[in-house]
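As written in TrEMBL, here are the features:
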| type | residues | note |
| --- | --- | --- |
| BINDING | C151, H154, C215, C219 | Zn(2+) binding site |
| DOMAIN | 77-263 | domain 'p53 DNA-binding' |
| SITE | K95 | site 'Interaction with DNA' |
Amino acid sequence: MFKCEFPDEGVVPPNFDEGVDSDVLITYLRDLDGFTGSQIEICHEPPMDVNNLIQLVNPVDTNLVPTSPQGPPARTNLEGVFKFKAEIDSTHTRKKKYLYSHRLNRIYVDVNVNFSVGFTWDASLFPGEAYIRATTVFSDVTQAEKRVERCYQHSHETANSPGKSRATIMNVLHSAREHGSPDVHYCGNPEQPDSWYSVLVRTPRPTQLAYVFLCKSSCSSGINRRPIEIIFTLEDFKGEIYGRQVVGARVCSCPRRDIDRDECVEGLPKNKRLAPQQETRPKKVKTEAVEKDDGVIKLPAIGVVGRRTAILGLEVMLNMMEEKREGLVANRLSTDTTSVIHNLDKSIANLKKHINQLKGQQQ
């Protein structure tokens, strides 16, 4: 690049359209009256990298992610102009560890088990990279103003893992990708009750994403048996929502049992593909092994430091006994099961009483 200063004289300039090297230009400038060589400054600048030029025209900041939504999210399905859809293929889930009821629009999955969701939209018209947000909410209208959080027990286990933010720890739904993946973001501010927890995944095109629940629906200090839903939204980097789809969810130990029960309650026939007699037999072996440890144990009077620690310990025992009772009621292997269930009912009622007393002392 040439920078020069010279008076406006009548010297005929060279034809710049044909290309001029520096020697020709210097000779031309020296023929001008009142111009000295000191006024010539030739600057040689390296050519701009094409990639840098593209960055200037279309900057990409990988740190730009949609902000965490405030307040209860909208729950109405929205395909939008990009025809957004979230789909779970129910034809193959029976062979896996999660089930999906198309008639109830609800997924049944055990804790710490991955389940996949397919997302489609018209990527040819979408403005830039897309973000898929998954937000877990309570489906009951009376609970809609409360955000879903992990229980004391499971959040305490994750809290001991280094490098995880509080938002990551309290999110009940996680991406199946490894923690620290650059395209996965856990949103929500624990200090702001109106900041909803969600997991956000950046994707350049329609894709399949895998998720995992880290708490059960029966966790007494978390979901606490309240029905939940997952709201999937298609967003851009500014958080503008272009599509939305809601799917019900239940996190349980026996997905097949619960899906059959819920469909019967709704008056729907059982799926003909099921073969309950053959498929429930292996469960008997598991339950019989557990029944060997069904005696009532009297705990000694011990002191526990911290009311929260005491409540958490009792809630862990309560959760385990409630799950054991569910398994016994579902299988009913022998007449001895009735007495075990009776003992469990007494212990569960007793634990709930002491937990409520301790919580009352906190207030």
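Residue positions begin at 1 at the first shown residue.
For all residues, glycine too, the Cβ spot is worked out from N, Cα and C.
Heads up, TrEMBL stuff is auto-annotated, nobody curated it.
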Query: Which chain neighbours of the Zn(2+) site, leaving out C151, H154, C215, C219, have a Cβ atom within 8 Å of the mean position of the site's Cβ atoms?
result: R150, Y152, Q153, S155, V172, L214, K216, S221, G222, I223
Message: Under 8 Å between C-beta atoms and at least six apart in sequence, can you list the same-chain neighbours of C219 (Zn(2+) binding site), or say none if there are none?
response: R150, C151, Q153, H154, N319
Overall pLDDT of the domain 'p53 DNA-binding' (77-263), taken as the mean: 90
- request: Provide the number of Cβ atoms within 10 Å of the Cβ of H154 (Zn(2+) binding site), excluding the reference atom itself.
  value: 20
- prompt: Once the chains shown are all counted, how many other Cβ atoms turn up within 10 Å of the Cβ of C215 (Zn(2+) binding site)?
  reply: 25
